[in-house]
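These notes are about the structure you will find just below.
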Amino acid sequence: MTSTPNLTDAIHRQQIRAKALDLGFDDIGFATAQRLNDDEPRLQKWLLNGANAEMAYMANHFEKRVDPRLLVDGACTIVSLLSSYKPAVESNNPDNFKIARYAWGHDYHEVIREKLNELFNYIRDHHYPDLQGRAFVDSAPVLERAWAARAGLGWMGKNTCLIHPKLGSYVFISELIINMPLTGNSSLVNNHCGSCSRCIDACPTQAITPGFVDARKCISYWTIEHKGEIDPSITQNLNNWIFGCDICQEVCPWNRKTPPSKEPSFSPQPQLLQMNKSDWEELSEDSFRIIFKKSAVKRTKYIGLMRNIRANTNQK
């Protein structure tokens with residue numbers, strides 16, 4: 001089955017882009033599905049070095065990670081989409097406990113997946129009747145940042161975050177991997193980090209070297225993924241972070257003048273910005289369930305969040 005007659009690939013992309021923006025995505029790009037030969041050695045090095053810490057799942061499905069055609073039968077095109085989550089307001093108490101900005105609003109997995117499904121249905125109904133594929137939101141063996149870069153949505157910063165020239169790095173990345181052939185990749189964006197090393201210099205645990213983040217030293221890993229007690233070498237550098245860490249993004253010049261997210265679901269929950277340290281320390285499990293019912297914070301569970309709070313308190 002071919003695409004709708006009389007429409008060139010460029011027109012298909014243009015109309016799909018317009019629909020994506022209408023659904024609330026902030027940018028979209030297209031790349032041909034193929035093996036990621038340039039990224040494969042980097043992933044191998046990261047895994048062989050043990051930089052995935054206890055995230056054993058990162059070593060699973062290696063071949064599928066580097067070749068999406070093994071993940072989705074008939075894959076022809078990777079449609080990468082960005083959703084900004086930069087908040088319009090910030091906490092007015094710098095000494096309070098801190099949560100990574102991506103978790104201030106509703107769980108991005110749920111918000112974005114709904115939009116992806118709508119976009120998939122639109123492409124099937126208006127562009128490619130035999131459309132098949134899958135939607136991904138940070139939940140499968142997909143090298144999302146690599147594909148977003150290939151789709152012309154930015155470059156990989158020294159902290160390994162994707163940096164979009166207008167949106168910065170406070171973005172969620174999602175994909176549709178589909179069997180619709182759309183020839184021609186989007187134009188690649190040059191790397192504009194230059195000699196800047198602010199993200200590297202600002203990391204309190206020295207987790208970052210250019211293009212490489214060692215999870216064994218990363219505050220985000222220890223406060224979200226790690227299941228046991230936090231290592232003392234990390235505890236003394238937590239600096240009030242209790243879920244994730246934004247330090248390397250806070251210092252990035254490309255995040256200075258970026259616009260706030262237009263997605264209401266990603267707006268900070270008012271209660272979060274109002275809580276002080278005592279509120280956090282006295283948080284009950286029932287309150288945790290209520291406050292974080294729709295938040296990504298629920299990933300670490302109540303016991304994990306209280307462990308992180310305790311680790312910050314004990315470092316004093």
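Glycine is no exception: its Cβ is also placed from the backbone N, Cα and C atoms.
Taken from TrEMBL as is:
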type	residues	note
ACT_SITE	Asp138	active site, proton donor
DOMAIN	184-213	domain '4Fe-4S ferredoxin-type'
BINDING	Cys193, Cys196, Cys199, Cys252	[4Fe-4S] cluster 1 binding site
BINDING	Cys203, Cys218, Cys245, Cys248	[4Fe-4S] cluster 2 binding site
BINDING	Lys227	tRNA binding site
CB within-chain contacts under 8 A for Cys245 ([4Fe-4S] cluster 2 binding site), separation at least 6: Ala100, Cys218, Ile219, Ser220, Thr223
Those residues of the chain, 6+ apart, with a Cβ under 8 Å from that of Cys199 ([4Fe-4S] cluster 1 binding site): Gly157, Lys158, Asn159, Ile208, Cys248, Gln249, Val251, Cys252
Residue pair the residue listed as 'tRNA binding site', the residue listed as 'active site, proton donor' - Cα distance, angstrom, rounded: 20
Segment-level pLDDT (mean, integer) for the domain '4Fe-4S ferredoxin-type' (184-213): 94
Pairwise CA distance, Asp138 (active site, proton donor) versus Cys203 ([4Fe-4S] cluster 2 binding site), rounded so that it is a whole Å: 24
Residues near Cys196 ([4Fe-4S] cluster 1 binding site) in space but at least six apart in sequence (CB under 8 A): Lys158, Pro253
Cβ atoms near Cys218 ([4Fe-4S] cluster 2 binding site) (within 10 Å, other residues, all chains): 23
In three-state DSSP terms, the structure that Cys248 ([4Fe-4S] cluster 2 binding site) belongs to: helix
